[in-house]
Amino acid sequence: MSSDSMRNIRNFSIIAHVDHGKSTLADRIIQLCGGLQAREMEAQVLDSNPIERERGITIKAQSVSLPYTAKDGQTYFLNFIDTPGHVDFSYEVSRSLAACEGALLVVDAAQGVEAQSVANCYTAVEQGLEVVPVLNKIDLPTADIERAKAEIEAVIGIDAEDAVAVSAKTGLNIDLVLEAIVHRIPPPKPRDTDKLQALIIDSWFDNYLGVVSLVRVMQGEIKPGSKIQVMSTGRTHLVDKVGVFTPKRKELVALGAGEVGWINASIKDVHGAPVGDTLTLAADPAPHALPGFQEMQPRVFAGLFPVDAEDYPDLREALDKLRLNDAALRFEPESSEAMGFGFRCGFLGMLHMEIVQERLEREYNLNLISTAPTVVYEVLKTDGTIIPMDNPSKLPPLNHVEEIREPIIRANILTPPDYVGNIITLCEEKRGSQIGINYLGSQVQISYELPMAEVVLDFFDKLKSVSRGYASLDYHFLRFQVGPFVRVDTLINGDKVDALSIIVHRSYADRRGRELCEKMKELIPRQMFDVAIQAAVGSQIISRSTVKAMRKNVLAKCYGGDVSRKKKLLEKQKEGKKRMKQVGRVEIPQEAFLAVLQMDK
């Protein structure tokens, strides 16, 4: 495709922290370009998933193509790729940015710059994108435009003099944003090859069409009837339909260079179009694949088990379909003595885990139990081999273990100065070591090295509570570091429950063992016999609590009479309880597995 035909295409995405008004701004842009009639408009048009709507966050990247007639009289085609703002979904952001030439940095004029937008903005600048600052929510009485501009310059380091001040809610100045997109974001550049190269931004499964992929065509064109090849797998597929979202699905005769749209090549296998891969023509392939974004490594692992064992094949199929749409999800089969067959799943963080579980339960009608999440440790065995360890119950015997290393992350926290003391106290409690503190205008940037196990579970919630919601967090993995770790096992009536094992720092083992026993005592229902709950490190019991037995009053029917009769009945009851204890299984409720999560709170 010639550079002339690409001159009027603008591919952009919006970078913003959670709740800074990104989806609302997208709604206004769609409305102004006439993508949907006024009666079809609904809040957060692009957040199509019901969970996104309820939580008010964007999880999946979405795309929309809009024609816009600018003030210079020319018609431009704007391809907007929506991105999530939460730290767990940063891989969705890096993928969307790889398909763009520019980005709008949306900052809430009342709250100022937040950590997640800083991280995503750096990703955009590294990929060579033109970043246009937009100050949103200027209709709020607390909005301070000059302060927000100064913060963008101090914290992110890009020029904010020409920042566009808008209110997405009222629609004020949205036309200026569109003009800025047209004049400041460059058109797609022609590549050095004229052979087809298209980046897969996202894929999802449609019950009628099979796999539908969202692609950005870098060079060449895709038409229905052409035979395409997936470069990493070498598989070929025949294209059935191509088109764009306006945001409704609209079919086209071809997708040309610089355009973003969907293609359907009746791929039935969910792994047929891996996200981040390159598509090319089978007859005339491109010499090399596009530089994809880096593959995200899952950081949190948990077991997912169906409550009803017959649902196991359905769970596998549901995870397969979700994986297509969620490139960061990993899973492999696992069996547990306590829970039966299920899957060990890897997630990017706790929010990601909650959302995957919620989607499985809602969209696929599954009833699931999840085990306590754990991070990946590195275990150096005495024979010199290093094994990654994402499941505490699989830890080798301690006499075979030389050392256990835990993942350490670098956390960057942005906060108003008033809360610095509270945040430092929180980080020290979590075994953190301080790297530095920078005062940037009205914000303070605090850098810490923290163990990932401490951050993953509830650090985010605690950070919000000690800073009254003002602090924001971004983190990335640094290295593995040796530490004194032990595995705390939970025994119920002498039987080890593998799903309740946790790996903890030795100094916390006694306290965690005690808390776990107390919590389990509250949650395990009373049986006809005493239930002993014990926490153990190796063969040493560190804590115990007992759920007392329920007693039936066997003497109720004895009115008076000889005492030996009563003794006989009590002895008989005792014998029965003894026998029951030998054969009785204790049912452990789902809340008990989640108790491991809530212990720190």
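Just so you know, glycine gets a Cβ as well, placed from its N, Cα and C.
Annotated features, as they stand in Swiss-Prot:
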- 7-189: domain 'tr-type G' (DOMAIN)
- Asp19, His20, Gly21, Lys22, Ser23, Thr24, Asn136, Lys137, Ile138, Asp139: GTP binding site (BINDING)
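Neighbour density at the Cβ, taken as the number of other Cβ atoms within 10 Å, is lowest among the binding-site residues Ser23, Asn136 for Ser23. Per-residue confidence over the domain 'tr-type G' (7-189) averages out at a pLDDT of 75. In the three-state DSSP scheme, Ser23 (GTP binding site) falls into the helix class. A sphere of 10 angstroms centred on the C-beta of Asp19 (GTP binding site) encloses 14 other C-beta atoms. Gly21 (GTP binding site) has a Cβ environment of 23 other Cβ atoms inside 10 Å. For Ile138 (GTP binding site), the same-chain residues that are 6 or more apart in sequence and have a Cβ closer than 8 Å to its Cβ are Ala109, Ile145, Ala165, Val166, Ser167, Leu172.
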